[in-house]
Amino acid sequence: MLRVLHRAASALVMATVIGLAPGVAFALAEPTSTPQAPIAAYKPRSNEILWDGYGVPHIYGVDAPSAFYGYGWAQARSHGDNILRLYGEARGKGAEYWGPDYEQTTVWLLTNGVPERAQQWYAQQSPDFRANLDAFAAGINAYAQQNPDDISPEVRQVLPVSGADVVAHAHRLMNFLYVASPGRTLGEGDPPDLADQGSNSWAVAPGKTANGNALLLQNPHLSWTTDYFTYYEAHLVTPDFEIYGATQIGLPVIRFAFNQRMGITNTVNGMVGATNYRLTLQDGGYLYDGQVRPFERRQASYRLRQADGSTVDKPLEIRSSVHGPVFERADGTAVAVRVAGLDRPGMLEQYFDMITAHSFDDYEAAMARMQVPTFNIVYADREGTINYSFNGVAPKRAEGDIAFWQGNVPGDSSRYLWTETHPLDDLPRVTNPPGGFVQNSNDPPWTPTWPVTYTPRDHPSYLAPQTPHSLRAQQSVRLMSENDDLTLERFMALQFSHRAVMADRTLPDLIPAALIDPDPEVQAAARLLAAWDREFTSDSRAALLFEEWARLFAGQNFAGQAAFATPWSLDKPVSTPYGVRDPKAAVDQLRTAIANTKRKYGAIDRPFGDASRMILNDVNVPGAAGYGNLGSFRVFTWSDPDENGIRTPVHGETWVAMIEFSTPVRAYGLMSYGNSRQPGTTHYSDQIERVSRADFRELLLRREQVEAAVQERTPFNFKP
């Protein structure tokens, strides 16, 4: 039973970041207590949740199950409706609960065996970790039982949830959204919220910092509107472990995590862990090695909710080939999907063991289990070790490069059927490189540090592409390689970089050509671009025009190479492409961009932040930062402008944390869209003004910090 006690909040000492322009020093508040606090975490003697002024739960448990229970209770309070909907979907009952809009997801999950496999995986958990999963689910149920009016009637039917539901949601998210997805298998392509995943990560060794302390950046970029990509900030403390950070809602472990000893972060990588096999149908079966094989067939069914609230049973025949489950595309072709890692139930426990490791050796032992199916993972600790791993369950393939395996692979020959996967040591990794840092911004794993320590020739060509690194990824390498003696303050300033690297690479050729064009409007635009500091700041008057020109020059996603004078090269991965191949064509594109900018925004010199707005509830503030493919390290992807030329973020910076492994640890960060989306919450729009100002708040780990900031206490008792 939980009860909630309210009291007036004490004054909260926040970190304040001052200034947006490059070169302006970032000033932080003094630490809230004297340095040299002991590394040992506070050891709770009772179970309670202390809520700070931003709705962050600081969960103190007398043991691990108690902390997991409190974590489930806190997530339900902050995101209960969305979590229950996600759990209902992962159960394979979305169509039954909510109707036709969920039918495709239901069929996708049932055909791939997700609900059934989740039950098996739940049974295969270690007893201790299964108890943690049960406790997390019990916390969700307890909150809903104690606060029934706070849960939407639409999702109450999902209750109660179980530890198996927790596993099912994680399994669906990792294996059947990140690794395999319905859009890729059905040939429709991923929707933007799934296709545009991204993140930034840095880890810096002590020798590259001013104070001799390692530094870590956590910075995922995902959709702001998609439930399963919504992040949640929390702090868990027991006598045996401490974890602070953020993770997607519904997950019982924190994936972007740190404590007084170490931390990790993740970025989406391009590992191809799923293969779509194109089948040749014949005589009711499929061709394989010159013979017709029958499909394995299994009869199943699901219920579909009707408009009047009734349900009808829908039969579902599940066909499988030797490769895996079979799906029919809209054009009538049959495709079988084979997903690596479906024999590995331990992803959640591996993450938990990674983020509670007592040494780098312990961390490596957890990583070597290879239960986490994808992601680049970056590590740093207070002893000074840093590591980058191109992690994932990667099939061993006899031939073909990554482009071949990303496509529709012939399914009529056993030569393409993979049955084994690579161990961790086969994958691109680097520990404590000479350059003193590791990084990843969703680029292929060939420049995780600078100078590089390995090349693509050291690895199979199907592991990762040798394709152009984005300008954001190039900027990531340069921001780290060109800065030494880093303080936490300077580290934070670099994270806020919103320089238009593409402008640096192209304007020296475009501007002179435009200045001699006879069109006065083109000349005026050239002068505007020449006066621009090439930063996506809120007061920039040329950024919108440049963005429109760059879309014509480099394509809709700003990733095209053909128009550059010098294209990208693996030999010069952080300084190419550059130059304008055809200045006359580029000037004509500028002429078109002038018209497009006027049509969309009313003028070519409208301030960037006047059009790019951060709007949540009744908060409406100017935005800064731009598209990663234009070179902005700090990323926001903007919606199409409305009739007033106003656009808002649809994707980009969500959680950001910058950590110094000092004694005690210092950390600052923000959750762009707040820490709750339940109806009536005050913690949805309460951080967006700080995002606009890059005004990072101190993240509170030490008990005395939390006590000084507490707004509400929730004592609880938990008995398994």
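If you go along the chain as it appears here, the first residue is 1 and each next one adds 1.
Just so you know, glycine gets a Cβ as well, placed from its N, Cα and C.
For reference, Swiss-Prot has these:
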ACT_SITE  S199  active site, nucleophile
ACT_SITE  H221  active site
ACT_SITE  E653  active site
SIGNAL    1-29  signal peptide
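Projection of Swiss-Prot feature records onto the structure.
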residue	record	DSSP (3 states)
S199	active site, nucleophile	strand
H221	active site	strand
E653	active site	strand
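The residue listed as 'active site, nucleophile' sits 8 Å from E653 (active site), taking the C-alpha atoms as the reference points. Over all protein chains present, the Cβ of H221 (active site) has 28 other Cβ atoms lying within 10 Å. Around the Cβ of E653 (active site), the same chain contributes N219, H221, A625, R634, V635, F636, S672, V691, each under 8 angstroms and 6 or more positions distant in sequence. Its Cβ taken as reference, S199 (active site, nucleophile) is surrounded by 26 other Cβ atoms within 10 Å in the chains shown.
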